[in-house]
Amino acid sequence: MRTLSLLTLLALAALCLSDLTDATPTGPESDKAFMSKQEGNKVVNRLRRYLGASVPSPDPLEPTRELCELDPACDELSNQYGLKTAYRRIYGITI
């Protein structure tokens, strides 16, 4: 176990102390790895928030409205007092 630890430590020290100055790429291929900000923006098009919603959001009261339309008493009350009041009077549950 000590031998393995010692070999790992020596390998790490050799890696840290090695001369890495010649590791930088040279030539025309090295410039292809990087691009300017303008070229990067052309590649990645961000979603614009101001273009409008893609799908309108559903009405949260639609299931309640459909249920109240099926009951004639609730439908009549909703025409007179509003959907929330009619639903509360008929079913006794707040929306």
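Each residue, glycine too, has its Cβ placed from N, Cα and C.
Per Swiss-Prot, the feature signal peptide maps to 1-23. The domain 'Gla' feature in Swiss-Prot is assigned to 46-92. The Ca(2+) 3 binding site annotation in Swiss-Prot covers GLU62 and rests on similarity to another entry. The 4-carboxyglutamate feature in Swiss-Prot is assigned to GLU66, GLU69. Per Swiss-Prot, Ca(2+) 2 binding site is recorded for GLU66, GLU69. Swiss-Prot lists CYS68-CYS74 with the feature disulfide bond, giving sequence analysis as the kind of evidence. Annotated Ca(2+) 1 binding site per Swiss-Prot: GLU69, ASP75, in sequence order.
Overlay of Swiss-Prot feature records on the structure.
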| residue | record | DSSP (3 states) |
| --- | --- | --- |
| GLU62 | Ca(2+) 3 binding site | helix |
| CYS68 | disulfide bond | helix |
| CYS74 | disulfide bond | helix |
Between ASP75 (Ca(2+) 1 binding site) and GLU66 (4-carboxyglutamate): CA-CA distance (Å) | 10
GLU69, ASP75: which of these binding-site residues has the highest Cβ count within 10 Å of its own Cβ?
-> ASP75
List which of the recorded positions GLU62, CYS68, GLU69 have their Cα within 10 Å of the Cα of ASP75 (Ca(2+) 1 binding site), in sequence order.
-> CYS68, GLU69
Within 10 Å of the Cβ of GLU62 (Ca(2+) 3 binding site), how many other Cβ atoms can be counted across all chains shown?
-> 9
Can you tell which of the recorded positions (GLU66, CYS68, CYS74) has the fewest other C-beta atoms within 10 angstroms of its C-beta?
-> GLU66
